[in-house]
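**Q** Input: one structure, supplied below.
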Amino acid sequence: MQKTKMIFTVGPASETEEIVTAFIKAGMNASRHNFSHGDHAEHGGRIALVKKVRAKLNKPVAICLDTKGPEIRTGDFNPSKLELQKGSKFTIVCGEEIVGDATKCSISYKDLYKDVKPGNTILIDDGLVGLTVEAIEGTNVICTVANTGLVGSHKGVNVPNVSIQLPAMTEKDKSDLIFGCKEEIDMVSASFIRKPEDVLAIRKVLNENGGENIQIFSKIENQEGVDNIDAIIEVSDGIMVARGDMGVEIPIQRVPLIQKMIIKKCNAVGKPVITATQMLDSMMRNPRPTRAEASDIANAIFDGTDAIMLSGESANGSYPIEAVTTMAKIAQEAENEINYDKFLAERKGNEKKNTSDVISLGTCTAAADLEASAIITATQTGSTARTVSKYRPKAPVIAVTPSEKVARKLAMSWGVHPIISDKFGSTDELISTSVDKALEAGYVQKGDLVVVAAGVPTNVSGTTNMLKVQVVE
C-alpha cells in the first residue's frame, strides 16, 4: 500500500469522468482546483465531478482550493509580446494604466514605487527578464534591462528580497473562499503566505462562512515566508513547499535546502507537508519523465514529505494519466527503500512527551518490534491517526472514523488509510468495530497481529491514551 499521498490538479486536460476515475484509481488522495484561472462555474463543475466519482468509487478524496493570492502582473502591451534589449532603459509606471511598449509598462500593484529602492531586482515572467532599479521618480520606477528577453501582457512580476506591502488576501480570494465553503471543500492551499497573520485572516473568513473544518495549507513561496516559517507552521494545518515562485523569489540553488528544512520542521511537529511544482514538468509534453524528475520525487520522499503534487502535468498536459501513474510508481519504489527504523529514531529524538505522542510512539515501536500487519486507530477527529503518522511506521495506519469529513481531512497524512464506520459506543465496541472494519476492507486478514491505538473516552478529541495488541479473529 502506497504511503506517500498524492494531490493532482484537475483542469482542462482532465475534466472528464473517465480521467478523474483514472486519477482516483491511480491513488489520488486530493484534487486541486487552481483559482488563479477559471471562474466559479468552471470550478464548480469540476468539484461536482470529483464528488460524483469519489462517491461512485467509495474513496475519501479531499477537495483542495488553491487561492490566487496577492500577485503582481504587468498591464497590457502593444503588441502583446515584445523583446526588451539588455542595457536599455525601462520604466514601470505605478500611478496610471498605460499600454506598454519597449520602454515602459504599468503593473497591477500601484504602490511598488514605495517598496523598492535603487539596486533592487524586478523579475518578469518567472524571471525570464530581469530589471535593475536605478531610480524612483515620483510614482515611476526607472530600471535598466539586465538581460534580453520577451515581455508581454499580464505576466507575473516578482521582487526578490523586498517586503511587498500587498494585502495577504485579495477580494477575489475572499470571494473564492466563501465559494469554497458553500461547495464544502476540505482544504485550502493559501498562496504567498508571508507571516502567521496571513493565515489567521484566511481562517477568519472560513470560520465566518461555515468552513471551520476546512484545513489551511500555507504555501511558502518567498524569503519572508521562509523567515517566518516556525510561526506559520504553528497556525497552519499543513505546509506546501511551492517551488515555482520560490525559485524566482529566492536564489535557485537555495530551493533544495529550503525544501529539506521545511519538511524537517513539519515532520518534527507532526503537520503534513506537500512538495509541489515541476515534479514531472517534462510530462506536460512527453509520455516519459526525465531521470532528474524521477530522482526529485524519490528524494522528496526520502526527505520526509507527506505528499507530492502535480500541477500543469495533470491539469493542462498532453499525458495526464501517464503522469499520475508514473508518479505513483516512483513513489512506491522509493518507499521500498525507506529506512523506517531511522525515521522512528529521529522522531523519538523530537518527542515532546505529551500523552498522545508517547502512546503513538509506543504504538509504532510495538508495531515494528512485533512486525504487526497494521496499526489501527479509532479516531473521532483524526488526531490519533495524525500523531501516529508523525512517527512514519512501516505498517499501514488504518484510521477508522465515523466522520466522512475527518476521513478526507486525513488525505494528506502520510501512510494513513481512512475507513468510515458507525459511531463508537463503549471502549470494547470501539476496538472490535475498528478491527472488523479493517478486516472487511481487506487491509488485514484473520490471524494477523495488529496494534490498536485510540483515545478514551471516545467522544473527546486529541486524547490518544490507549494501546492494545491483538490478533484479528
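Just so it is clear, glycine is given a Cβ too, placed from its N, Cα and C backbone atoms.
Marked as substrate binding site by Swiss-Prot: Arg32, Gly244, Asp245, Thr277. If you look up Swiss-Prot, you'll see Asn34, Phe35, Ser36, His37, Arg73, Lys155 marked as ATP binding site, on the strength of similarity to another entry. Taken from Swiss-Prot, the feature K(+) binding site covers Asn34, Ser36, Asp66, Thr67, and the record attributes it to similarity to another entry. Sequence annotations record features per position, and here Swiss-Prot assigns site 'Transition state stabilizer' to Lys219. As annotated by Swiss-Prot, Mg(2+) binding site applies to Glu221, Asp245.
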**Q** If you measure Phe35 (ATP binding site) to Thr67 (K(+) binding site) at Cα, how many Å is it?
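**A** Each residue's Cα considered, Phe35 (ATP binding site) and Thr67 (K(+) binding site) end up 5 Å apart.
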**Q** Using CB atoms and a 10 A radius, I'd like the single residue among the binding-site residues Asn34, Ser36 with the highest neighbour count.
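**A** The residue with the densest Cβ neighbourhood is Asn34.
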**Q** Which of these recorded positions has the least crowded Cβ, counting other Cβ atoms within 10 Å: Arg32, Arg73, Lys219?
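**A** Ranked by other Cβ atoms within 10 Å, the recorded positions Arg32, Arg73, Lys219 bottom out at Arg73.
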**Q** Which state, by DSSP, holds Thr277 (substrate binding site): helix, strand or coil?
**A** coil
**Q** For the recorded K(+) site, whose residues are Asn34, Ser36, Asp66, Thr67, find every other residue on that chain with a C-beta no more than 8 angstroms from the centre of their C-beta atoms, and list them by sequence position.
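**A** Apart from Asn34, Ser36, Asp66, Thr67, the close residues are His33, Phe35, His37, Leu65, Lys68, Gly69, Ser189, Ser191.
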**Q** Would you please pick out, from the binding-site residues Asp66, Glu221, Asp245, the one with the fewest other Cβ atoms within 10 Å of its Cβ?
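**A** So among Asp66, Glu221, Asp245, the binding-site residues given, the one with the fewest Cβ atoms within 10 Å is Asp245.
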**Q** Tell me the coarse DSSP state (helix, strand, coil) of Gly244 (substrate binding site).
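**A** For Gly244 (substrate binding site) - judged by DSSP and reduced to three states - the answer is helix.
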**Q** Please tell me which one of the recorded positions listed here (Arg73, Lys155, Lys219, Asp245) sits closest to Asp66 (K(+) binding site), measuring Cα to Cα?
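**A** Nearest in space to Asp66 (K(+) binding site), counting only the recorded positions, is Lys219.
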**Q** Could you state the CA-to-CA distance between Thr67 (K(+) binding site) and Ser36 (ATP binding site) to the nearest Å?
**A** 7
**Q** Select the most exposed residue of Thr67, Thr277, where exposure means the fewest other Cβ atoms within 10 Å, treating these as the binding-site residues.
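**A** Counting other Cβ atoms within 10 Å of each of the binding-site residues Thr67, Thr277, the minimum falls on Thr277.
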**Q** If we count other C-beta atoms within 10 Å, could you say which of the binding-site residues Phe35, His37, Lys155, Gly244 has the fewest?
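**A** Least crowded of the binding-site residues Phe35, His37, Lys155, Gly244, by Cβ count within 10 Å, is His37.
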**Q** State, in Å as a whole number, the widest CA to CA span among the substrate-binding residues Arg32, Gly244, Asp245, Thr277 given in the record.
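**A** Farthest-apart Cα atoms in Arg32, Gly244, Asp245, Thr277 are separated by 18 Å.
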**Q** Of Arg32, Asn34, His37, Arg73, Lys155, Thr277, which binding-site residues come within 10 Å of Glu221 (Mg(2+) binding site), going by C-alpha to C-alpha distance?
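**A** So the list is empty; none.
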**Q** Which one is closest to Arg32 (substrate binding site) in space, judged by CA to CA distance, out of the recorded positions Arg73, Lys155, Lys219?
**A** Lys219
**Q** Name the secondary structure element type, per DSSP in three states, that contains Lys155 (ATP binding site).
**A** coil
**Q** Quick one: of the recorded positions Ser36, His37, Arg73, Lys155, Lys219, which has its CA closest to the CA of Gly244 (substrate binding site)?
**A** Lys219
